[in-house]
Each structure stands twice: as C-alpha cells, then as structure tokens.
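Below is one structure, written out as structure tokens, with a few remarks after it.
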Amino acid sequence: MAHALTLNAGSSSLKFGYFHLDTDAGEPDARIVGLVERIGQGQRAHMRAKGPDGAVLIDKEFGRNHVSDHGTALERVVAFLRDRRPDATLSAVGHRVVHGGPDFDAPVELTDKVIKRLAEFEPLAPLHQPHNLSGVRAALELFPDAVQVACFDTAFHRNHPWVNDTFAIPRRFYDEGVRRYGFHGLSYEYISSKLAEIAPHLHMGRTIVAHLGNGASMCGLMGGRSVASSMGFTALDGLPMGTRCGQLDPGVLLYMLQTEGMGADEIQNVLYRESGLLGLSELSNDMRTLEAAAKENERAREAISYFVFRIRRELGALAAALGGVSTLVFCGGIGENSVHIREKVCEGMGWLGMEIDEGRNLRSEQIISTDLSRVRVLVIPTNEELVIARAARDMLAQKEETAA
Ligand code: AMP
C-alpha cells in the first residue's frame with residue numbers, strides 16, 4: 001500500500017491530506033485531511049484535522065509566532081502525521097501549484113529544472129506561488145525518497161479558444177506569456193469529475209461553476225472541459241474576492257501610478273491585500289463576518305451586494321460564451337455554505353431558465369433548483385486534495401510502468 005501527502009498552500013494557510021493509494025487506478029482513500037491556518041508573524045496558528053469518519057484528530061492552537069512560516073507549518077503537519085502513523089512511509093507528495101505558466105498543461109514531477117521554471121512565475125501569483133514553492137522545497141528535504149508532483153491551477157484552462165486566451169494588446173506580449181490563464185483549475189477538475197459521476201447527462205452539457213471562497217472565480221465548461229474563465233493573467237481578475245479587487249479598469253492603475261504617485265509594491269498590496277470584500281466593507285474579508293454584520297452595517301451590505309452583482313454579471317457573460325447553460329454549480333466556502341449568497345445570485349434569473357427552491361437551498365441539498373427549473377442548480381463541495389492525490393497516484397503508476 002502506497003501513501004501520499006497532499007499540500008495546498010494559501011497565503012496564510014496550509015491544507016494537507018494523507019491518502020492511501022492504490023496505483024491500479026482505485027480512487028485515493030483520504031485517511032486524514034486537515035489545515036493549518038493563520039500562519040505568519042505575530043499570529044496564533046491553528047491546526048485542525050479529521051479522519052475519514054469526520055472524527056476530529058487534532059484541534060490545536062499554537063503560541064504566538066510558533067508557526068511563523070509555511071516551512072514550520074509543514075514541520076508541524078509532519079510531526080502530527082508521524083505521531084498518528086509512525087510506520088507509514090510516503091511514496092509521493094502532491095503539491096498544488098497555482099501557476100504553471102504557458103508550459104504546463106498537466107501534472108509534472110518536480111525536478112530542479114521544473115522548480116526553477118516555476119519560480120519564474122512567482123510575480124504572476126505573489127500571494128500563492130512563493131508559498132507553494134517553499135512547501136515544495138521543504139517537502140523535498142523532509143521526504144527525499146518520495147516522488148514530488150506539481151498540480152497546476154492553470155492546467156485545466158490551457159485549451160481555451162484563442163479569444164479567451166489573449167488580451168487585445170500588442171501580440172508580442174502574448175508570445176512572452178501574457179495570457180488569460182484562469183485559476184482554481186483543481187477545483188473545477190474535481191467538480192467536472194463529480195458531475196460526470198452523479199449526472200453524466202449534465203456533464204455532457206453547458207455548465208457554469210462558481211467557485212466562491214476567499215479566492216473566487218467562475219468557469220464555463222462544455223462537455224466537462226473549460227472554455228472560459230473569469231480569471232485572467234493573474235488571480236486578480238474577474239470576481240471580487242476576500243481581499244483581491246477582481247476585474248478593474250487598467251486606467252485605475254495608471255491613475256494610482258501617475259496621479260497618486262504610488263509604487264508598484266504599494267499598488268500590488270492594495271490590489272491583493274486591501275481590496276475586495278475587505279476594501280469595500282472596511283470590516284472584514286470573511287463572508288460570515290459580513291453576513292453577521294450586514295443588518296447594522298451598510299458597508300458590509302454594500303460589499304455583499306457588489307460581490308453578488310459581479311457574480312450575476314459573470315453568469316450572464318459565461319452563459320453567452322457557452323451559448324446557453326444547463327447546469328450551475330456552487331462550490332467553495334461561500335458557495336457551499338452561504339444560503340443568502342446563492343439565493344441572491346439566482347434571484348430573478350428566470351429569464352435564464354434558473355429557479356431555486358427555497359427549502360432545498362436552505363438545507364444546502366445537492367440539487368437546489370426547483371423541479372421545473374430548466375437549469376439544474378447544484379451545490380457540490382469541492383475537493384482539490386483528491387485531484388492532487390489522483391495525480392500522485394497516476395505519477396507513481398507511470399513510474400512503476402517505466403521501471404517494469
Ligand atoms: P474558502 O476559501 O473556500 O475556504 O472559503 C472561505 C470563505 O467562505 C470565507 O469568506 C468564509 O466566511 C466563507 N464561509 C464559510 N462558511 C460560511 C457560511 N456558513 N456562511 C457564509 N460564508 C461562509
């Protein structure tokens with residue numbers, strides 16, 4: 001029995017999964033899934049993990065500054081896993097890597113050459129790529145004998161039609177790699193595979209997936225393959241997010257540069273860390289906090305309204321790009337849990353053939369549309385970890401075959 005660890009590093013979090021693998025293509029079996037959050041200077045990090053039956057295996061807060069970076073977070077995760085599974089050796093470590101640039105359209109084994117190339121994409125995803133790669137380096141040191149596999153958020157979108165892959169700027173930029181990459185590909189790949197399993201007839205059709213979490217984007221799929229995405233060159237474009245601005249007139253950047261005299265680092269900080277729900281509400285990047293405050297706090301209400309408005313706009317745009325829509329799927333922390341956001345997104349969408357059932361939505365059922373709704377509206381909890389574990393399994397199988 002082979003074992004794999006999956007790592008998914010966000011700006012201040014590290015999600016992990018411990019899987020049993022059957023390299024003869026059986027589905028990876030998640031034995032432990034967990035998360036370290038609030039990683040960073042001055043913070044009290046928190047680790048939680050559950051077993052396959054949902055039993056809590058650890059729920060622990062660390063002292064301030066005890067988990068100051070992702071390397072230390074990984075050490076804590078490994079210590080916890082070794083404590084739980086002292087005899088297990090890892091055959092593979094699968095990493096979520098946000099940006100694969102124009103080169104990578106499938107998972108790849110992490111060699112020195114690949115890591116060097118991926119480091120060149122750090123400026124394209126400054127909130128994620130450096131953390132992803134520091135996780136890779138730390139894992140290489142901790143598990144030198146394991147196969148290390150990178151799974152890219154951009155890969156699922158690499159076959160977009162050209163009109164969805166380019167910007168209308170001089171062509172030399174496209175040739176240099178300035179393209180619409182799209183992100184959250186691991187999540188979309190999971191949703192696509194799940195749809196194929198639970199509703200193959202819907203999977204064959206035109207689907208819009210709304211991945212609404214701290215990061216948020218939407219994707220149009222035809223027959224399970226991505227044809228358009230709200231995100232572009234970086235993970236800034238499209239929908240507003242927890243702290244990211246979403247779609248922005250590039251003239252605003254010129255204004256910041258020329259009129260406000262802001263530097264590039266300052267602008268980057270505003271667009272990635274101070275905008276989105278946080279920037280508009282001046283309260284929080286967290287939807288739960290905003291929903292709780294919305295009754296009394298007008299700015300929290302306005303931030304939520306802007307979020308919903310942009311999702312609805314994107315829904316219409318993607319429906320047009322797909323030439324219609326047969327299925328809408330909500331996923332991500334907000335998409336899976338916020339009854340209110342789902343209701344507001346679908347409100348008055350009868351013209352698009354979409355109608356949700358209040359009770360089904362309230363109970364977050366798998367299908368929340370009415371029986372008469374032409375568009376099926378679903379809630380599917382996403383599972384990026386499983387997609388990474390599948391890639392680790394396939395890479396191991398491939399290596400076994402080559403060795404045989
Ligand atoms: P993610 O990045 O996918 O983990 O999603 C994080 C976002 O989901 C945060 O904005 C949370 O506030 C939001 N979220 C999680 N649970 C709920 C809930 N029950 N209602 C509203 N938002 C939620």
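Glycine is treated like the rest: Cβ placed from N, Cα and C.
Unlike curated records, TrEMBL annotations are generated automatically.
What TrEMBL says about this one:
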ACT_SITE  ASP153  active site, proton donor/acceptor
BINDING   ASN8, GLU384  Mg(2+) binding site
BINDING   LYS15, HIS211, LEU212, GLY213, ASN214, GLY215, ASP286, MET287, ARG288, GLY333, ILE334, GLY335, GLU336, ASN337  ATP binding site
BINDING   ARG96  substrate binding site
SITE      HIS184  site 'Transition state stabilizer'
SITE      ARG244  site 'Transition state stabilizer'
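Structure with TrEMBL features highlighted.
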residue : record                             : contacts (Cβ under 8 Å, 6+ apart)
ASN8    : Mg(2+) binding site                : LEU14, LYS15, PHE16, HIS95, ARG96, GLU384, GLU385, ILE388
ASP153  : active site, proton donor/acceptor : ARG96, VAL97, VAL98, HIS99, GLY100, PHE183, HIS184, GLY185, LEU186
LEU212  : ATP binding site                   : LEU239, ILE311, PHE330, CYS331, GLY332, GLY333, ILE334, GLY335, SER338, ILE341
ASN214  : ATP binding site                   : GLY10, MET241, GLY242, THR243, ASN285, ASP286, GLY333
ARG244  : site 'Transition state stabilizer' : LEU127, GLY215, ALA235, LEU236, LEU271, TYR272, SER275, GLY276
GLU336  : ATP binding site                   : PHE330, SER364, VAL379, ILE380, PRO381, THR382
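With a cut-off of under 6 Å between the Cβ and any atom of ligand 1, the recorded positions HIS184, ASN214, ASP286, GLU336 reduce to ASN214, ASP286.
Neighbour density at the Cβ, taken as the number of other Cβ atoms within 10 Å, is lowest among the binding-site residues LYS15, ARG96 for LYS15. GLU336 (ATP binding site) falls within a helix when secondary structure is assigned with DSSP.
Local packing around the binding-site residues ASP286, GLU384 was summarised as the count of other Cβ atoms within 10 Å of each Cβ; on this measure the leading residue is GLU384.
For the recorded site, ARG244 (site 'Transition state stabilizer'), the DSSP three-state label reads coil.
The most densely surrounded of the recorded positions HIS184, ARG288 is HIS184 (count of other Cβ atoms within 10 A of its Cβ). Under the three-state DSSP scheme, GLU384 (Mg(2+) binding site) falls in the helix class.
Among the residues the record lists as binding ATP, namely LYS15, HIS211, LEU212, GLY213, ASN214, GLY215, ASP286, MET287, ARG288, GLY333, ILE334, GLY335, GLU336, ASN337, the two farthest apart have Cα atoms separated by 20 Å.
The number of other CB atoms found within 10 A of the CB of ILE334 (ATP binding site), across every protein chain shown, is 25. LYS15 (ATP binding site) carries a strand DSSP state (E or B).
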